[in-house]
Every structure is written in structure tokens, then in C-alpha cells.
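First comes the structure, then the notes that go with it.
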Amino acid sequence: MTISLSNIKKRDHSKISDGTSGESSLVKRKQLESATGDQEEEYTDHEIIIEPLHFANNNNTVLTDSENYLRWQNTISNVVKSVVSIHFSQVAPFDCDSALVSEATGFVVDAKLGIILTNRHVVGPGPFVGYVVFDNHEECDVIPIYRDPVHDFGFLKFDPKNIKYSKIKALTLKPSLAKVGSEIRVVGNDAGEKLSILAGFISRIDRNAPEYGELTYNDFNTEYIQAAASASGGSSGSPVVNIDGYAVALQAGGSTEASTDFFLPLDRILRALICIQTNKPITRGTIQVQWLLKPYDECRRLGLTSERESEARAKFPENIGLLVAETVLREGPGYDKIKEGDTLISINGETISSFMQVDKIQDENVGKEIQLVIQRGGVECTVTCTVGDLHAITPHRYVEVCGATFHELSYQMARFYALPVRGVFLSSASGSFNFDSKERVGWIVDSIDNKETPDLDTFIEIMKTIPDRKRVTVRYHHLTDQHSPLVTSIYIDRHWCNEFRVYTRNDTTGIWDYKNVADPLPADALKPRSAKIIPIPVNNEKVAKLSSSLCTVATMAAVPLDSLSADILKTSGLIIDAEKGYVLVSRRVVPHDCLDTFVTIADSLVVPATVEFLHPTHNFAIVKYDPELVKAPLITPKLSTTRMKRGDKLQFIGFTQNDRIVTSETTVTDISSVSIPSNLIPRYRATNLEAISIDCNVSTRCNSGILTDNDGTVRGLWLPFLGERLENKEKVYLMGLDIMDCREVIDILKNGGKPRVSIVDAGFGSISVLQARIRGVPEEWIMRMEHESNNRLQFITVSRVSYTEDKIHLETGDVILSVNGKLVTEMNDLNGVVSSADGILPSAMLDFKVVRDGNIVDLKIKTVEVQETDRFVIFAGSILQKPHHAVLQAMVDVPKGVYCTFRGESSPALQYGISATNFITHVNEIETPDLDTFLKVVKTIPDNSYCKMRLMTFDNVPFAISLKTNYHYFPTAELKRDNITHKWIEKEFTGNSQSEK
């Protein structure tokens, strides 16, 4: 199975283990073949069966190489007409399977009904959307009609009437023809290619099911067939055919360390197919016991008597082992009756030699009692168990609330960890339930809001009673560690993630129908609370009091706006106005205002805050909380009015990762311009600033803090700066920022104004005097620099220019001499114009004198106010917006279209080829230069239909795609910030109608 996402395991590339100790040899299949003989006869007599693809009589004559080649060629040419390439999306995370887009293989097993056989890990246990492509490149939608609860097979259905240009042929299933030494071909979509034909020979037919690892789907309680065919991702679901064109097995998985492949036998698959064809329920029984095939020598060590061994060897002379209980689930039908290590002798009087016999008996006796004879430590026991319904312990619904998804713990997961099949399983640890950013799956929710959650229905009822924005206690644990229960508090988000839905599987339509459970309860009224503030433990009293000016700022982003991850972020903040509630904080934590912001005082009380200001280049933001809610002795600190210099002696006060305050004396070692590396996908980063470096070992352990004088005057901030993303990890740089870079904005806010910043939209760097001479800077300007510069001898140069439509603008390589007649000696001389204004800040014209290509040039450069994102559209699982500032900074020529800043893991956008950084310029040949036009066009596109899109890559390469809409799982919506209330309002579109949330 070829996966488009790098963090998803490929089924055929997973490391496997046999599940047995020692070498297993062949198990005689004579009884199995006779057991399926009646089923095959029933299948042959069924009126809808297509004639099998049979091309030669098996008369045991020896074929020459050329005859063998021609015969295989004839067979394959017919088989490929039944094989389809499956393009699918598993829409939602479910049972440890991530949401994904992928490709696999299937083959037609009933041409009249339009039934395709493939793997269960392709169909998936959760919502599925897909289509198939036939050999002649005809395309047809498919829906899932069955996925086995345990074994790795499932069925998809298509409408044969939609296939107009080819005659559909079905492959006949012949499980009895899978024999050791048989030459086979695996015909499928190997490694994402439309058609690959891989050759091999069957080497084993009695292998235990392979194990693919923890927290993923694993088959069990069945034999597997082994061969060496070197299949890889994408071949999942391929037919394994013999030279006569019969399907003898189903490709399922493979080893990463060898060319070994694993095929699922067709015996139980054939039985399920017949049930579907005859419109009968596919009953599946279980006593919740996992069996493994163990060789006789190991069975003897576990207590098998010589008499029973002799009987088994005589009855099954080719067998070398019996089934032994590996796992018995607590509270299951077999619990306290069967023990691990018990050897299975018979069921209902039938001597057992294979998994398929066990499956057959259990499937035929759901709800009935069966009698098992086992041997335990040399003693024979007879136990009676009531067969349970396997479908009843397989989740068929899930709940979506607070941005996370939940369902009942499945038999699949419970079996692997030997747990009772009960509990609320968190299949997507996100939103309010983002317990651990490193581990998204495998959590069990034991209680919430101090109420036990033994099952999904109880969980739903509890969640109905919890108001929006409330903080509640959750008890939970991970499947891999039953001995470590965990307790945390979470913030209930029912305003950004307002959906509270229950999705239920519908095997008739193939869609998971949903119903809305409950509307959000309004948030509880906030009450003022008190907090005691403990001074910083230092001898300097003025510095110690600064604990009354420090707090913690945390944010929860609603969506990955501006290509910034929607993570929960936290850092320290400086209270710059205790009376009005203003807090200065790193923009790493407050990248935009489409989020919830919280201020924590003294690690004692939390109050909500709003985003008041975002600096476009200097990496700081200002948020505001309601001071009436805080009854604590907070102090507005004294802020410095002079810039720091190299050699200044300071006090460093930092916050560790555990929010502990640490202090240290330090010295300013360097003040220089920095260039933070840009990310592959453009997003906010600090530019055009001079960073402070200090001589302090403690600072490397702190993610934030402040720099002060001995009298408590705040001289600077110690901030995290977001850099590039490498190997799915965010690179964060720690540097100091002079408080003088923030003073103008702070003063305007304190005086009741609204600060606005207008900047010269270009990137600047520094060069040495030597480089300036080489670039043609005249000697008189060099002498002037040497005379007037008090800090560092350098010239400022243009390193990049943002996109602009102005004819007169700076160019890369320009050396800046002066601005408005003032010599430019450092980056601070190029700071933007800061003022208080209502509406759009008018542009200012600045007189630049630069050296360009060795000549002095005078330029009038217009400043611009950076517009933060205040609107975006969600379409086909992608987030579309006007190109944000980071995009304009990175591009010279910006296409006229809506910009894709993000695409979902399982979305149509990903499946059909829209990437982050793409511009959608046309939809159905209509130009879409802005969001209004785009919305107008896409609202006319019906559900489940194709539209043509023309796009432009980040490198201005045009291309076109077709995209199929799916409004059931991926509706179109618009989120827009109200200019008066500054609240974000969501509108969801259904056809030409819309609903506001």
C-alpha cells in the first residue's frame, strides 16, 4: 500500500514476526479443502457466477520453458482485466489507523454484483472514500460493504452499469489450489504503479499470521501462505493467481528484511462472498482467545500427552503441530476456562488441526455453546464456552467532539494487550484532548470531570453536561502502559470545534451517517480570583519583586493558519501594564489571532486574553487580559529608555521548561543582526532585528525570560524565535530582544491608542567595510561610517525584496547609505514608522540613498502596513487564504489566485494533488483571483462531482488537476474575523445555502 504521508507505516513494508518459536513446517490441508468443497460447489451453482478464467487442463504434463511462458502470458492477459487500482482515503483516524490517502489493489470477484476483494487494512475499520481504475483506465466509485473484524480482507462494491467500455471479468476463488511449490504471480499496483506482475513460488501454507507491530492492525487466528515475490507498498489486495488463472490467495503483507511476502488464504473469504451473494449475514463468532500453531515438541513441553500426539500424527501425518492458546481476554467467554499454554484437541467432537476449523465452528455457533477439549500440563479438560458475536465487539461508530474522535476499545487492540474489550478509546488525540504531542494514538479515557467513562454512551452523556471553555480533570492511561494512570486538566473547546457528532457505519450506502448530539452549553461566568505571588529568591529586593510582573501565556490555535502548526504553545510573558492588563510575549506563541489565549498568574489562576498587537518583523505580540479578574499584587515594571550595549552587566531571569524561575548574573556579549532561516513552506519569522547574545549557561535551559539591571529596570526580553521545520520538528532559536524595540508600541497602548506599524518591506543584512568597498561604496561614506558608528563598523545591505507592484523599489544587493539624510549604521535605523491610527495606516515616503551596481542612487521608498490574515476558506480539506506576508516576502512574482496554506491528511485536496504553497488560479475555467470569486464558483459545484482546477506552484509552474468534492466529510466553510467585535465567525455552505456558527 503506497502511502502519501511520510508518518504512516506501509503495510507491505512493516517488519513482521512469525509468532512461533522455532521452524514451523507444513500443515496438511486435506480437511480444509474438503471443508471448503461444499462452499465451492455452492459458489459454482450460484446463478450470478461468471465463467472462470481457465485456460489449460491440468494434466500434469511437463511444459517446456516456451510453453510455460506462453501459458503464463495468456493467463496474465486475462487476469489483468479483473484487477483494479484502488485510490482511496481513510477519512478519519480510527482504531490506531491514521487518516490517510493511499493506493492499493483489488480484483473483481463478482462481475454481476460489482464486488471487489481487497485487504481489510485497505478498506479500513473507519470511514472510507475511494474509486477504482480498471485496466482500460475506466474509473468507477466504490463503497465498502464489508470489512472482516479480524482477518485481512474486505469487499468493495461498484455499479457495473458505470463500466461502459470493457467487459467485466471476475476471478474465481480456488483456495484448495494453494500448495507448496506452486508457481504463482502477484498481479497488482506494486509501489504505486498501475500494474506490476511479480513471480514467485509458494513455500509455506501454514504460517502463523505476521505481526506488524504495536498500535496497528494485526491479523490473527488464521494460517498465512508464504512466498518470495518481493512485493511492496501498493500491492496490498492483489490476487495471487496460478497458471490456470485462478485466484489461490490474497496478497496482504511482506517483510522489510527479505523478499518474503504473506498471502491470506481464501477459504473464509469465499464463505463471506457467498453470504453476500445470497444476501445472508456474515456471522462471525469468537470466544476471545488467540491461538498459535506450535510444533509438537513445544506442545509436549507445554503438557501434550504422547497418546494425543500419536493420535494427531496418525490422523494428520503431514502436520507437525497443534493450536495452543496464546492470549485469553479477561471477561471474555473463554476467560477462567482456557489458560495460556492450553493445547486445543477438539471442538464439539471434531479434532482440530487448523485455524480454519476453529473459525468455521465459531462462525456457525454465534450465541450457542461449544465444547472444547484441551490439554493442560498433561491433564485433559473439557470446557464449555458461549460463542460471542465478533461484530458486537468491533466498533461501528465514533464520536467527534472538542476536535478529537473516540470510539469503543476494539477487539483488535484489546487482544494485542490482553485487555477486556471495553473502554473509551481516543483514536485522535487532538483538540482539547491533545494529551501528548509525541503520542497521538493508544489512549484510554477512564474518567472526565470526575465521572467514570466505562463506555462510549456514558462518555457522550458526560460531555453533554460540560460547558464550553470549562477546565476539567481527565484520568487516562496508555495501552502500552497499564501501570501508569495519568491525570491532567483539559480546556473544553466547543466554540472553535463546535461539532458534537456521532458517526455510524452504514454498510448499505458505504457512508458513515452522522447526527448532531448536542449544542455547546454557554461558558460559565468568570469570577475574580486571588493569587499569592512569591518573590524571586535573590538578594536584590528590586529584582525579586519582578515576579509580580511575570506571567505565563499559552495559546490553542484553531487551525494551521498561515502555514503555522495548530499546536498548544506556552511561554512566559512580561506584564507591561498591570492596570490595563497588557502582556508582552513572543510571537512564537501568538502567531495570529485565530486562537484562544490564556494568561496564568503565579501558577495559580488562569484568565482568558485577547490579541491586541502583532509586530510584523520583531517577533513580539501584546495580549490583554481583564485585570478585574485578577486579585493579585501585580506590578507594572520600569522599562529602560536606553539601548543595551556590549559589556553591559545584567540580571537574567528565565523560565525553564517546567515554568520554574531561575536567575543568573550575565553580560551582553554581542549585539548583531540575525538572519533566521526560512521554512520550506513560507510562514512567519522574525526579520530585520538586532539580537542580544549573553554569557549565561542558564539561558540555554530557559525557553523565555527577561534581562534587567540591578535596580529592576527591564532592559530586554529573552524570547523563542521560530525557525525552519526539520524532520517534523520545529527549530526554535533563543535570543534577546532590546526592550527599546518595543517601547513605541508599548507607549501608544498605555496612552489608550492603537499602535500601527508601517515598514519598508524588504529583508536586510550586514556586510563588512571590506565588502562595502568591493561593492562600490565611496570612501567618503566609509569615512563617515568610521566616524559616526559607535558600535560595530558595518553597512546594511538588502538581502531580499518582498513582492511589490511599485515601480521604484529596493533591489537585492543594494547597500543602504542613509534614510531621510540619516546615516544607517545598524538595523534599528531601518525600523518602520510606528503610530496610532484608525483604519489603514497611510504609507510614508522615505528618502533612501543606496549604492547599486557601484553607483549612488536616490530612491523614494513607500512603507507598507502588513495586513494580518482575517479570513480564510476551507474547501476539500484545504485551507485557502489571501497570500500572507511570509509568502510575499518569499516570492518575486505572486500569481493571481487563492493561496493554499494547508491540506488535511485524508482530504480530497491531498488525494487529487493540491499542495501547500499552490495557488488556485481557475476553477472550471473561471478565474479565481480572490476568495469572494472562488467561493462564488465552488458553491455551484455539486457534491461528489469533478471540477477542473488550474493551479500555479510556488515556483510559478502552471498545472491542472481534476478534483472530486465530498461535502459529507469535507464541507466548504468560511471563517472571517468581525472588524467590530474581533470575533471569528464561521459560515458553512451546503450548495448555495449557508449556516452561521
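Each residue, glycine too, has its Cβ placed from N, Cα and C.
Feature annotation from Swiss-Prot assigns region 'Disordered' to 1-43. Residues annotated as region 'Serine protease' in Swiss-Prot: 83-273. Sequence annotations record features per position, and here Swiss-Prot assigns active site, charge relay system to H121, D152, S235. Annotation source Swiss-Prot lists domain 'PDZ 1' at 300-378. Annotated domain 'PDZ 2' per Swiss-Prot: 779-854, in sequence order.
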Euclidean distance between Cα atoms of H121 (active site, charge relay system) and D152 (active site, charge relay system), Å: 6
Secondary structure content of the domain 'PDZ 1' (300-378), with strand meaning DSSP E or B: 21 helix, 23 strand, 35 coil
Protein Cβ atoms within 10 Å of S235 (active site, charge relay system), excluding its own: 31
Cβ packing number for H121 (active site, charge relay system), 10 Å threshold: 27
Cα separation, S235 (active site, charge relay system) to H121 (active site, charge relay system) (Å, whole number): 12
Residue counts (helix, strand, coil, in that order) that DSSP gives for the domain 'PDZ 2' (779-854): 14 helix, 26 strand, 36 coil
Cβ neighbour count (within 10 Å, all chains shown) around D152 (active site, charge relay system): 30
Rounded mean pLDDT for the residues that make up the domain 'PDZ 2' (779-854): 89
